[in-house]
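If you look up Swiss-Prot, you'll see 248 marked as active site, proton acceptor. Annotation comment: Swiss-Prot describes 22, 23, 43, 44 as NAD(+) binding site. The S-adenosyl-L-methionine binding site annotation in Swiss-Prot covers 225, 301, 302, 303, 306, 331, 332, 382, 411. What Swiss-Prot lists as phosphoserine is 128, and the listing cites sequence analysis. Residues or ranges marked as region 'Precorrin-2 dehydrogenase /sirohydrochlorin ferrochelatase' in Swiss-Prot: 1-204. Sequence annotations record features per position, and here Swiss-Prot assigns region 'Uroporphyrinogen-III C-methyltransferase' to 216-457 based on sequence analysis.
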């Protein structure tokens, strides 16, 4: 280990930055956030330093580097574009036993500054020891995507409860189990983020009053249409905290590879070699696993509340008193149309969009007269088997037979395939396409030749 990672308490302590440019400004911003009493010494200063000085946030000393400025300091940073000046600052600080950072010269520095993920009071620092700053930045960005923005508020609130937890729970094991359920409670985190004091208090009292082996919870997560990059940050956080993930065939392998490694996985979809699990059985799986105290993620393709039967699953949980929450996903209509160069709305062609299921409840019938109206885009989910009927009904109710249509197979994935044609051909076109696929009907389909971008990459 070439460097010892430490966190310095700099509040109301003197620090010096030598340099007045953009790099010095970035370093100054960090020290000011840490509460340092800051002096900046340079020949010239960019405007931001003058603004800070006018607001009384720091002191500016214009002119060449003055060693005497180091005397009261705990820490210094050399951030000029002159290597000789930076070396001078480093040597002067070293002789006074003051830690000094030299920008872009780790060998000349007595400390280096890491990439920081700030969820105050929780802080995460990432460093490559100065050997690969880009790698450290990329790791920081990955951690930024994983750690919720409101995590700091949760940590702050946890600090306020420590005395109460210590008083109520006698053993270390009990305290550990309490904190484990505290830090994964989405309702509490969201209430803190919303500054909803009433909800925070209610959730807190529930956490303290329920047994430590209480029933678990279910999180309904939309996985998006296929491309793992379209999974939301909150969705990613949930699948990485799950004890068990119940998923269907519309969830891509790339997304399943992001699930916590030691989480149990239960496949409930339909594909070669598997039978479709009835919806009622899926409901019971969610209920049973949550009642064991597990954190259950029900992972669905697209958005769980758009033809995903998410509402039915939650009704079962609600009736049983199981806590639940929902993380929406990018629905297939949005993802597949965007990846196919098909804007769902357009001021010249479509002033509205309709999302329609092609899989009707027994005895159901669609409002074909309104669906056949002009100036709109229709998106049919699960419509391949009904393509001939969709064609027949729309034409019968007045839609032009030459209306452009597109069928998007495996949308947003590297296997995406788009078949174009006219409404009069829809039944035949559907025979060329395999599920999962969407049917898009409307004048906007005619823009595909101009706006298609995904296949060209």
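Glycine residues also receive a Cβ, built from the backbone N, Cα and C atoms like all the rest.
The record gives 225, 301, 302, 303, 306, 331, 332, 382, 411 for S-adenosyl-L-methionine. Within 8 Å of the mean position of their Cβ atoms, the other Cβ atoms in that chain belong to 224, 250, 307, 308, 329, 330, 333, 335, 336, 381, 438.
For the binding-site residues listed here (225, 302, 411), the lowest count of other CB atoms within 10 A around the CB belongs to 411. Pairwise Cα distances among 22, 23, 43, 44, which the record gives as the binders of NAD(+), peak at 15 Å.
A strand conformation is recorded for residue 302 (S-adenosyl-L-methionine binding site) in the three-state DSSP classification.
Between the candidate binding-site residues, 23, 43, 306, 332, the densest Cβ environment within 10 Å is the one around 332. Looking at the residue listed as 'phosphoserine' and residue 23 (NAD(+) binding site), their Cα atoms lie 19 Å from each other.
With the residue listed as 'active site, proton acceptor' as the anchor, the candidate binding-site residues are 22, 23, 225, 306, and the one with the nearest CA is 225.
Take the mean position of the Cβ atoms of 22, 23, 43, 44, the recorded NAD(+) site; other residues of that chain with a Cβ within 8 Å of it are 19, 20, 21, 24, 25, 42, 45, 46, 79, 80, 81.
On a Cα basis, residue 23 (NAD(+) binding site) lies 44 Å away from residue 332 (S-adenosyl-L-methionine binding site).
Using a 10 Å Cβ-Cβ cutoff, residue 22 (NAD(+) binding site) registers 10 neighbours. Considering only the binding-site residues 23, 43, 44, the residue whose Cα is spatially closest to the Cα of residue 302 (S-adenosyl-L-methionine binding site) is 23.
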